[in-house]
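K.L.:
Below are the features I grabbed from Swiss-Prot:
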DISULFID  C113-C217  disulfide bond
LIPID     C375  S-palmitoyl cysteine
TOPO_DOM  1-39  topological domain 'Extracellular'
TOPO_DOM  67-77  topological domain 'Cytoplasmic'
TOPO_DOM  105-114  topological domain 'Extracellular'
TOPO_DOM  137-158  topological domain 'Cytoplasmic'
TOPO_DOM  181-223  topological domain 'Extracellular'
TOPO_DOM  247-296  topological domain 'Cytoplasmic'
TOPO_DOM  321-340  topological domain 'Extracellular'
TOPO_DOM  361-477  topological domain 'Cytoplasmic'
TRANSMEM  40-66  transmembrane segment
TRANSMEM  78-104  transmembrane segment
TRANSMEM  115-136  transmembrane segment
TRANSMEM  159-180  transmembrane segment
TRANSMEM  224-246  transmembrane segment
TRANSMEM  297-320  transmembrane segment
TRANSMEM  341-360  transmembrane segment
Amino acid sequence: MLPPGSNGTAYPGQFALYQQLAQGNAVGGSAGAPPLGPSQVVTACLLTLLIIWTLLGNVLVCAAIVRSRHLRANMTNVFIVSLAVSDLFVALLVMPWKAVAEVAGYWPFGAFCDVWVAFDIMCSTASILNLCVISVDRYWAISRPFRYKRKMTQRMALVMVGLAWTLSILISFIPVQLNWHRDQAASWGGLDLPNNLANWTPWEEDFWEPDVNAENCDSSLNRTYAISSSLISFYIPVAIMIVTYTRIYRIAQVQIRRISSLERAAEHAQSCRSSAACAPDTSLRASIKKETKVLKTLSVIMGVFVCCWLPFFILNCMVPFCSGHPEGPPAGFPCVSETTFDVFVWFGWANSSLNPVIYAFNADFQKVFAQLLGCSHFCSRTPVETVNISNELISYNQDIVFHKEIAAAYIHMMPNAVTPGNREVDNDEEEGPFDRMFQIYQTSPDGDPVAESVWELDCEGEISLDKITPFTPNGFH
């Protein structure tokens, strides 16, 4: 989340540049800019594609939710919109300026440096905090679905989003504008200068006023701000995400195994009644596959996030203790190269381009995306049924149909089961994810089971990261 030079090291030609500045030689004055080399052209193309992809993906997510009433009705999508907006700001307010500086080899925007640094910290922190809020929302919806349905109102969702953005602003604009984030190196208009330049006075013969068109937007962080901001922006949120997604997996595992045991018993009873060979291990294998898919799903969520941001935040905390840093010891481990640091900065920002794919590409979003892009007639129309295990963390194709007698068999094997119309959950402590299994069987007004329609699962289904849609009291969305 830092500009070039933030790791306390200098560009290879930076000292030569300062020497020219000290001698009064203007750089980049009337002379034309040198032509871009092959590496600069490749860098420009790659960064442009990344920025465009980030913009399009997050704009598409926002447009889909604004257009679809069904998506707007889901409170979790409030957090998805907030995440998309923060990632959109990364693509608009952060990436383009750094991309130009990367290609040009210097910071051409002068005193805008401080504002850009504040935007960088704010947008990146907001994106990470929104990911943390989404994980907490999903855990709450899965572990306490009925309480979640009562408590998670639009007002509550907006309060949670507001807190995430407020915290992001507090740790970015206030410290940056007050220069609390900087080390003790002298600076001019947000542009760091060597100590010998800082000690010059206007009446000295070789005094030079900095040329803002040829400077480096260097913002070396002091130790206090580097560690505290990293804790708030990354380490605490990632710890919360690890805990919540671990709990989600355990809850999903329990649900899958309990449902699988009911499936095996029902299949065994049905096959024995029809004099067919009993194969109870089929559902067991399906259960293992489902658990594996849930694990893969959660691994993608955490794996992408950690791989994108962890390297940067490790360096962000390590750099103030480097030997080349103004606050670092005279002898210590050297700072990383500028190229390495920049690569990890872009890795972190690349997370904003992947979030729309991870958090929004489920069946409902895909349908609206197809309408927005005008390809609804060409896109796949394979029906997707979301199985409410772990509150729609998994989606399956409609292939295997369990009819009336199997659904009824589940109820006969659950002696304490009651229909949802007669069962109320008043005690949150007694509520558990498996309570929703009672909602499989429902009686219509004329006494016929509604479950005779279908209850569909697909053991070979395709995984997708779906939104959270908690069960309503009547057992349907």
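For all residues, glycine too, the Cβ spot is worked out from N, Cα and C.
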K.L.:
10 Å Cβ neighbour count around C113 (disulfide bond)?
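P.N.:
25, counting other Cβ atoms within 10 Å of C113 (disulfide bond).
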K.L.:
Among C217, C375, the recorded positions in question, whose Cβ has the most other Cβ atoms within 10 Å in this structure?
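P.N.:
The most densely surrounded of these recorded positions is C217.
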K.L.:
Hey, does DSSP put C113 (disulfide bond) in a helix, a strand, or just coil?
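P.N.:
For C113 (disulfide bond) - judged by DSSP and reduced to three states - the answer is helix.
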K.L.:
Cβ pairs under 8 Å only, please: of the recorded stretches 40-66, 115-136, 159-180, 224-246, which one is richest in them relative to the transmembrane segment (78-104)?
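P.N.:
It is 40-66 that shares the most Cβ pairs under 8 Å with the transmembrane segment (78-104).
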K.L.:
With pairs restricted to those 6 or more apart in sequence, evaluate whether the transmembrane segment (224-246) and the transmembrane segment (341-360) have 3+ C-beta pairs under 8 Å.
P.N.:
no
K.L.:
Is the transmembrane segment (40-66) close to the transmembrane segment (341-360), in the sense of at least 3 CB pairs under 8 angstroms with a sequence gap of 6 or more?
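P.N.:
They are in contact.
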K.L.:
Could you pull out which residues elsewhere in the chain have a CB under 8 Å from any CB of the transmembrane segment (159-180), counting only those six or more residues past its ends?
P.N.:
78-79, 82, 86, 114, 117-123, 125-126, 129-130, 132-133, 137, 187, 225, 228-229, 232-233
K.L.:
Cα-Cα, whole number of Å: C375 (S-palmitoyl cysteine) versus C113 (disulfide bond)?
P.N.:
42
K.L.:
Mean pLDDT across the topological domain 'Extracellular' (1-39), rounded to an integer, is what?
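P.N.:
Across the residues of the topological domain 'Extracellular' (1-39) the model's pLDDT averages 49 on the 0 to 100 scale.
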K.L.:
Per DSSP, what is the residue tally for the topological domain 'Cytoplasmic' (137-158) in helix, strand and coil?
P.N.:
19 helix, 0 strand, 3 coil
K.L.:
What parts of the chain pack near the topological domain 'Cytoplasmic' (67-77), using Cβ distances under 8 Å and only residues at least 6 beyond its ends?
P.N.:
134, 137-138, 141, 152-154, 156-157, 364-365, 368, 371-372, 467-469
